[in-house]
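In what follows, a single structure is set out as structure tokens and then discussed.
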Amino acid sequence: MKKLTSNDVTPEEIFYQRRKIIKAFGLSAVATALPTFSFAQESSDLKALEYKKSTESTLILTPENKVTGYNNFYEFGVDKGSPAHYAKKFQVNPWKLEIGGEVENPFTLNYDQLFTQFPLEERIYRFRCVEAWAMVVPWIGFELNKLLEKAKPTSKAKYVVFHTLYDPEQMPGQKNHFFGGGIHYPYVEALTLAEAMHSLTLMSVGLYGKALAPQNGAPIRLVVPWKYGFKSIKSIVKITLSETRPRTTWESLAPNEYGFYANVNPKVDHPRWSQASERVIGAGGLLRVKRQPTLMFNGYEREVAHLYKGLDLRINY
């Protein structure tokens with residue numbers, strides 16, 4: 001994995017929103033009418049976690065207020081600051097995470113068990129959005145394979161499907177089709193079983209030493225560091241192992257723009273922008289945007305390239 005230097009620190013900057021995407025669906029007037037907020041839930045309100053701290057990474061972390069204040073979570077609005085504003089009162093306790101489908105041992109975890117069922121550890125990962133911006137985040141969680149091993153997938157299990165909470169009373173983007181970016185909720189994502197079992201794939205319950213803020217996907221979210229951020233589904237309530245591949249949310253909304261695999265790939269551009277480079281959030285100053293080359297698989301090529309042996313990644317994007 002390529003090491004980042006002190007020049008790769010990623011404080012926040014104001015840059016392009018996914019309004020280009022929204023315009024494609026005729027929602028630009030609504031999107032531009034939405035306010036932009038820059039404040040997030042106070043970190044002091046969040047539960048401190050016990051976890052094994054990372055001692056190996058040399059990546060330079062994104063400042064905490066940038067990670068919690070610049071988010072895509074359309075259930076709470078399409079502007080980057082909207083999730084931090086509209087998710088302030090989002091209730092994550094009680095919570096229920098159901099694991100089922102093609103498994104021998106279906107089970108359910110409650111809120112407290114999300115933090116105690118498996119030992120927690122810190123993983124410092126690059127985070128790459130499909131919008132061509134990047135951060136470095138100190139996630140806290142457990143490997144998804146630990147949860148799957150407990151569930152005991154059957155021989156029919158080929159895919160792992162994730163569902164976000166559906167609660168329009170708490171999530172205004174689910175209640176208002178336009179406010180939520182035109183998405184048909186609940187949000188659905190999926191991985192192949194091999195991807196889900198990989199040791200880099202994380203179920204995160206926290207960052208920066210504390211439980212996740214609502215805008216970051218509390219109380220539990222997926223983190224797949226070699227894929228674009230929309231694959232790392234937030235506020236998960238159901239995990240189902242399936243024999244067949246589902247149609248995921250962005251794949252359903254714009255299949256020519258968002259594929260199932262969504263691996264970070266500098267050689268495969270989005271139809272409306274290049275993926276060859278990425279903006280480092282906040283670096284470069286007010287009048288200058290810092291860009292850096294995009295790394296294949298977001299810098300995790302050595303660890304995950306074997307998962308796609310024989311697969312044409314230009315077609316299977």
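Using N, Cα and C of the backbone, Cβ positions are placed for all residues, glycine too.
Record check, Swiss-Prot: Mo-molybdopterin site residues include ASN71, TYR74, GLU75, CYS129, ASN216, ARG221, SER232, ILE233, LYS234, and the candidate from THR164, THR294 also listed there is THR164. Taking Cβ-Cβ distances under 8 Å and a sequence separation of 6 or more, the neighbours of ASN71 (Mo-molybdopterin binding site) in its chain are LYS80, PRO83, ALA84, GLN215, ASN216. In the three-state DSSP scheme, GLU75 (Mo-molybdopterin binding site) falls into the helix class. Its own atom aside, the Cβ of ARG221 (Mo-molybdopterin binding site) has 23 Cβ atoms within 10 angstroms in the protein chains shown. Residue pairs drawn from ASN71, TYR74, GLU75, CYS129, THR164, ASN216, ARG221, SER232, ILE233, LYS234, the listed Mo-molybdopterin binders, are separated by up to 19 Å at the Cα level.
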